[in-house]
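*Asks:* Could you have a look at this structure, given as structure tokens, before my questions?
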Amino acid sequence: MDGNQTPHATSDDPKVPLLPIHRSQSLNSCFQSIFTLKNFFILLGPLLCGIISLSVNIDGGKDASRNMLAVLAWVFSWWLTEAVPMPVTSMSPLFLFPLFGISDADDVAHAYMDDVIALVIGSFILALAVEHYNIHRRLALNITILFCGDPLSPPLLLLGICATTAFVSMWMHNVAAAVMMMPVATGILQRLPTGPTQSNLVSKFCKAVVLGVIYSAAIGGMSTLTGTGVNLILVGMWKSYFPEADPISFSTWFFFGFPLAVVIFIALWCILCCLYIRKGSGEALSAYLDKAHLKRELELLGPMAFAEKMVLAVFSILIVLWMTRNITDDIPGWGALFNGRAGDGTASVMMATLLFIIPNKKQPGEKLMDWNKCKKLPWNIVLLLGAGFAIADGVRTSGLADVLSEALDFLEKVPYLAIAPAVCLISGTITEFTSNNATTTLVIPLLIQIAQTMHVHPLLLIVPGAIGAQFAFLLPTGTPSNIVGFTTGHIEINDMIITGVPLKIAGTVALSVLMPTLGALVFGTDKPLLKFSRISL
């Protein structure tokens with residue numbers, strides 16, 4: 001060994017650092033790995049919780065209310081900053097509520113599995129089956145061919161693509177619908193010229209199609225309970241806060257959500273046509289798009305196999321069961337046969353179970369679905385829903401609801417027509433920077449207290465608040481569906497803002513008008529608040 005070589009040297013390479021330098025780099029990297037913005041956000045949750053627990057005094061010595069407020073600060077700070085993965089944050093009430101004396105462990109865990117959660121799991125299994133057998137693509141091509149027109153009509157073709165996306169999004173999650181439909185839409189756009197040869201008319205049509213898909217996915221999801229987690233959070237919290245009130249069933253929501261979605265969808269189509277469809281677009285596109293190539297794509301899929309027909313049949317039966325469980329007060333649905341014990345989740349899980357029993361006739365012994373195909377189940381949505389329901393229970397049982405109600409007395413004389421659009425716009429602004437589901441979980445408990453203070457039916461505020469949380473139309477980060485469209489390269493942030501602003505305004509106006517009118521018929525919001533006084537918070 002060379003006398004100048006240290007015992008730690010393992011190579012003659014002069015680039016190998018000496019030990020002191022290596023130690024210095026390790027120390028710096030250690031500090032850099034510890035003092036990061038993400039670690040600060042992780043500490044922010046417990047820090048806010050501790051500050052509120054030690055410094056906030058609530059009249060009457062309501063320790064449970066103060067602790068609930070502290071836990072909310074912890075959970076919402078982690079949700080908003082995403083310091084910890086959202087599904088993990090969603091499980092935090094399972095240990096925070098018992099530790100802070102808010103609820104028993106069993107009571108908290110119960111919130112993570114109820115009929116609404118069962119509805120989600122069953123419907124997602126069916127959606128995975130639809131995706132696995134490519135049924136959505138066949139449906140998209142058929143409807144697009146129907147709307148293509150002869151000669152080619154760009155507004156009509158845009159309507160077909162958007163309507164297909166909205167329809168698909170009615171029965172599965174918005175993000176899944178956008179992910180499924182975007183390849184169909186871009187597959188049509190791939191036939192158009194790109195680069196320097198692309199005319200302005202063609203470029204604008206491409207923007208319209210991509211924007212139409214991402215916004216239609218959001219709008220379609222508003223019309224049914226299973227279309228988005230936001231609607232499920234609203235229904236679950238309504239059931240938690242007002243257990244003696246009539247629950248919001250699938251059919252009840254559909255009778256309000258579908259007309260609202262149609263109005264907003266028409267506004268979207270008109271906005272896209274005005275901004276992006278120019279005179280001469282039909283001639284520019286007709287050389288590249290016609291029914292022939294769409295029909296060829298459909299032919300490549302071949303005839304519908306037995307498995308596809310059975311999945312479609314099971315899904316259709318489920319929709320019928322959802323729509324007929326409760327029909328009217330005078331005409332009871334099939335739920336009356338079971339004395340009201342069966343819920344929408346009952347039908348959802350029952351029909352999903354059939355997929356694991358019915359053979360697919362492709363391989364001997366193989367069923368339509370197996371558990372390996374269910375690995376893509378969005379457990380993050382399930383856990384977030386459970387956290388929302390747990391928080392709703394905690395706010396109510398801890399007494400924090402009463403404290404919030406007293407603090408909002410100044411809103412008692414504010415007219416509803418002034419506050420409803422404000423609620424929708426505030427919720428729609430928050431959702432641009434955080435997830436739709438987290439925004440809904442954050443605003444609904446507060447809106448229920450505001451409604452109690454104003455002496456109006458709670459649904460008159462929480463429905464605009466929840467649906468407003470789905471108006472994430474301005475930024476790519478507003479929702480994963482927006483990112484799906486943004487990554488295609490056809491649109492920029494300016495395009496989203498130019499289209500999203502009028503669309504958000506149109507949605508707010510439609511919601512503010514329909515809620516006190518159609519909502520009164522569907523939800524019974526015109527009934528006296530006295531009905532709710534005995535189950536008030």
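Each residue, glycine too, has its Cβ placed from N, Cα and C.
Curation plays no part in TrEMBL annotations; they are all automatic predictions.
I grabbed these lines from TrEMBL:
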TRANSMEM  34-56  transmembrane segment
TRANSMEM  68-88  transmembrane segment
TRANSMEM  108-130  transmembrane segment
TRANSMEM  171-189  transmembrane segment
TRANSMEM  209-233  transmembrane segment
TRANSMEM  253-277  transmembrane segment
TRANSMEM  298-324  transmembrane segment
TRANSMEM  336-357  transmembrane segment
TRANSMEM  377-395  transmembrane segment
TRANSMEM  415-435  transmembrane segment
TRANSMEM  456-475  transmembrane segment
TRANSMEM  505-524  transmembrane segment
*Asks:* Find the member of 34-56, 108-130, 171-189, 209-233, 298-324 that has more C-beta pairs under 8 Å to the transmembrane segment (456-475) than any other listed stretch.
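*Replies:* Ranking 34-56, 108-130, 171-189, 209-233, 298-324 by Cβ pairs under 8 Å to the transmembrane segment (456-475) puts 209-233 first.
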*Asks:* Among 108-130, 209-233, 253-277, 377-395, 415-435, which stretch has the most Cβ pairs under 8 Å to the transmembrane segment (505-524)?
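*Replies:* By the under-8 Å Cβ criterion, the transmembrane segment (505-524) pairs most with 253-277.
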*Asks:* Using a Cβ cut-off of under 8 Å, list the residues of the same chain at least 6 residues beyond the transmembrane segment (377-395) that approach it.
*Replies:* 68, 71-72, 75, 86-87, 89-94, 97, 102-103, 107-108, 111-114, 116-117, 120-121, 124-125, 128, 173, 229, 232-233, 236-237, 240-241, 401, 404, 435, 437-438, 440-441, 444-445
*Asks:* Ranking 34-56, 108-130, 298-324 by Cβ pairs under 8 Å to the transmembrane segment (336-357), which is first?
*Replies:* 108-130
*Asks:* Under a Cβ pair cut-off of under 8 Å, which of the recorded stretches 34-56, 108-130, 171-189, 209-233 contacts the transmembrane segment (298-324) most often?
*Replies:* 108-130
